Every structure is written in structure tokens, then in C-alpha cells.
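Novice: What follows is a structure written as C-alpha cells; I'll ask about it next.
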Amino acid sequence: MVDQVKVVADDQAPAEQSLRRNLTNRHIQLIAIGGAIGTGLFMGSGKTISLAGPSIIFVYMIIGFMLFFVMRAMGELLLSNLEYKSFSDFASDLLGPWAGYFTGWTYWFCWVVTGMADVVAITAYAQFWFPGLSDWVASLSVIILLLVLNLATVKMFGEMEFWFAMIKIVAIVSLIVVGLVMVAMHFQSPTGVEASFAHLWNDGGWFPKGLSGFFAGFQIAVFAFVGIELVGTTAAETKDPEKSLPRAINSIPIRIIMFYVFSLIVIMSVTPWSSVVPEKSPFVELFVLVGLPAAASVINFVVLTSAASSANSGVFSTSRMLFGLAQEGVAPKAFAKLSKRAVPAKGLTFSCICLLGGVVMLYVNPSVIGAFTMITTVSAILFMFVWTIILCSYLVYRKQRPHLHEKSIYKMPLGKLMCWVCMAFFVFVLVLLTLEDDTRQALLVTPLWFIALGLGWLFIGKKRAAELRK
């Protein structure tokens, strides 16, 4: 794959079918931060808090710890060969063409499914202000807007993600500061609840639902981290990947502590975990509970922006994956063509059309949170597959190309050991998904995707990939 796709610097005249390196360090850092603050944090944290109580803090820390090492593996691999434009490329190079095919199409499907969840979330957030608003109106408006803006240039995507991420950062930092002030002032809500850190351990301790509740929090919590690997799809369009990628990946632990741990501590200090409504976003409900409806509208705008940001990332990454797959000969040739602005326009349009499946999902499952849970479970499973492929690629890389590892400027710490630890953790999460009815249904449906992919590779992909290599 890496021989088929070329990238050029911004100041060079682009050859036909070449991606341009238009994303600066500023874009990459904010894309990484925005990817780490997903819809799952805003939309799914209500359910995870109700399932696990304060122990959900440890759930997010554990998942974040594991994914940091997955990202370190991805970073070392991408920088070992700057012709790699994404993890689909090194999977194809190290594991074989089948791996690039499965990874590329699965990642495309991951983001389409995630985009559907974002459409569901956007619909819910829009109904906060307009209870009678049609699901179709809210969804179509956002999808058309994202399509139009992404058709412009890759730099436009970078700018959109920059400002989307800035809104999320300002909102979460503001929430943390306001929450800390409330705790310091012993603020009392209209219901008589006094803000206090003691809520974290006084109402049943750190593990009020026991180990079963603690384990139940992992499914939606995993979904909150999807998109953390997004910087890996920008490698071919980054001006200085050797500096930008390590900086973005190394900041992951700080982002997790700041945006996940601190925000959840504040939420459960102001609003006792037992009072959190699983069907609603606790970020919005926190301000409603303390009698600040105007602030609740602002936060609702922020979480709506977060969902739009996630959908924006999905539209970007899926179009790039389709472009790479088409270059490999395992996707329709039309997706391999770029517009005059070096944007894979046909891939963008196709992915946006697929996002409308989120609206269909709402009609199949009228419960917003029910539809969100089903979609996010499928997404979490597929993302774990992609993360596992990254780890497997790293193990093969260490075995077959030890000289590249020795020369690497960005070695993964505890490389081989942590690969196995992370994969064991993903198996553990899959086992947990069998415990709940709604997640079990999604777990049973997911293999159908891999069966369809396998048949596609057997009858079409394998032959086309071989012809292209000749």
C-alpha cells in the first residue's frame, strides 16, 4: 500500500492523486485532544456512573493506561516509515494485504457506526431546545454541513477540529473550576444537596455496586476513547510528523486525568452518583440541578459540538481509508480519485450518506440511550479489533525488523510485554460485554461484519490486490 499512495508538502505542486501535508502541529495537537474527548464522555457517562458509581473513575484510568501503550506502538510504527499514511498501511506491510483490507474496511465501518451514534446524540441534544424537532431535520442539517466543509480542503478539516476541540476544552475546564468553587462554598442545590467530595465515598464507598457494577462500566467507557487513534490517520497530511505525532501521543495521560478523571470527580461531588440520571448527560444535568438553566443550555451546546466534532473526525478518517483501500484495489476505483483540492470527494459523500443510518436506528429503537448503547457496543468491539491489529503489527515489526526498532527515535516502552497485556485486556472487555442484554445483542451481531469482509476478500479483494501488485 505504501508504494501506491504518495504525499507531498504543502509548498510543492501536487501530483495527481496525492494527499497534501497541510496539517500543522497546532492542528495535530488539537485533533488529538478532540479525539480523546468523545461523545461517550458527554453522552455515556451518565449510564456508566449509574452502573459503577465512583469506581467509574478507575475504569477510565485503566482504559486510558492501556490505550496509551497502543498509541505508543502506533507512533513507533508510523515513524519507522514515513511512507505509511495510516495504520492500515503498516498492517498491510507487516501482516499482509489481508490485514490492510480488514483493518481499513473495519476502521471505515467503525467511524460510520460512531457517526451514527453521533447523529443519535445530536438529535437528543437538539431536542433539549426544540422538543418537537424532527429527527431528520437535525441529522440532515449536520451531515450536509460537515460534507460541504470537508469538501473544501484538508486544512478546513484541521481548522474545524481545532475550534471544536477548543470549545470542548474550555467547557470541561470551566465545569471543573465551577464545580470546585461549588464544593469550596458548600453550595446547596434546590433539592438541598450540598456539594462535597464526600459524595465519592459516603454513599456506599468507591465501589457501591461491587465488582459487577465496576465491570459493567467498561463497555460505554471504552467507547468514550474511540478516536484516540485519529492522529494515526493524519500521518500523510501532517507537515512534521516526527515532532507532531510524539508530542500528541505523549500528552494522552495528562488529557485523561484532566478531561476524564477531574470532570467525573467534580460531577459526582456536586451531584451524588445515585442522583445521576442514566438517560441524560450529567454535564447538562449538573447545571440544571443547581438551578442554572442558562448554563445548562451552554453546556448542551458544547456537548452537541462534541458530537459534531466526532462526526467530523469520522467523515475525515473514513474518506481517507476509502482512498487508501481504493489505491490497494480493494475498494471501488472511484474512491481513489481526488478533487482539485486534493480531497477524496466521492469517499466523503459516500460516508456521509452512510451516517443517515443513525436516524434509521432511532426509528428501530425509539429510546435514544438504547440506540446509543447498541451502536456504541458494536463500535467498541470493532475499534478493539483495530487496536489489536496495531499491536499485532508491532509484534511482527519487532521480530522481523529489529534494526528499525534500534534506530527508532520513538521507542514504545515495555514494547512486547505491553502488547500482550493490552490484548489480554481487550479479551477481558469482550467477556464483560456478554453480561448485559443490550451489549450481548451487539456482540452477537458483530461477527456478521467479519463474515461479510471475509467473503469479500475471498472472492474479490484477494484477486484485485494480487493484480495491482503485479
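Sequential numbering from 1, following the chain as shown.
Glycine residues also receive a Cβ, built from the backbone N, Cα and C atoms like all the rest.
According to Swiss-Prot, the transmembrane segment annotation covers 30-50, 51-71, 102-122, 128-148, 162-182, 211-231, 256-276, 283-303, 350-370, 371-391, 413-433, 441-461, on the basis of sequence analysis.
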Novice: May I ask you to check whether the transmembrane segment (441-461) and the transmembrane segment (211-231) make contact, with contact taken as at least three Cβ pairs under 8 Å and only pairs 6 or more apart in sequence counted?
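Specialist: Contact between the transmembrane segment (211-231) and the transmembrane segment (441-461): absent, because fewer than 3 Cβ pairs are under 8 Å.
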Novice: Six or more residues beyond either end and a Cβ under 8 Å away: which residues meet both conditions relative to the transmembrane segment (51-71)?
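Specialist: Long-range Cβ neighbours of the transmembrane segment (51-71): 45, 200-201, 203-209, 213-214, 216-218, 221-222, 224-225, 228-229, 232, 249, 252-253, 256, 260-261, 264-265, 268, 273-274, 278, 387, 390-391, 412-414, 418-419, 421-422, 425.
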Novice: Could you name the stretch, out of 162-182, 211-231, 256-276, 413-433, with the greatest number of CB pairs under 8 A to the transmembrane segment (102-122)?
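Specialist: If we count Cβ pairs closer than 8 Å to the transmembrane segment (102-122), 211-231 scores highest.
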Novice: Considering only Cβ pairs within less than 8 angstroms, which of the stretches 162-182, 256-276, 413-433 has the most against the transmembrane segment (211-231)?
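Specialist: Maximum Cβ contact count belongs to 413-433.
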Novice: List, by number or range, the same-chain residues at least 6 past the transmembrane segment (413-433) whose CB is under 8 A from its CB atoms?
Specialist: 62, 66-67, 69-70, 72-73, 76, 215-216, 218-219, 222, 377, 380-381, 384, 387-388, 391-392, 394-395, 398, 405, 439-440, 442-443
Novice: If we skip the immediate neighbours and take only residues 6+ beyond the ends of the transmembrane segment (256-276), which ones have a Cβ under 8 Å from one of its Cβ atoms?
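Specialist: Contacts with the transmembrane segment (256-276): 36-37, 41, 45-46, 49-50, 53-54, 56-57, 60-61, 64, 68, 169, 172-173, 175-176, 179-180, 182-183, 187, 189, 193, 195-197, 199-200, 203-204, 208, 224, 282-283, 285-286, 289-290.
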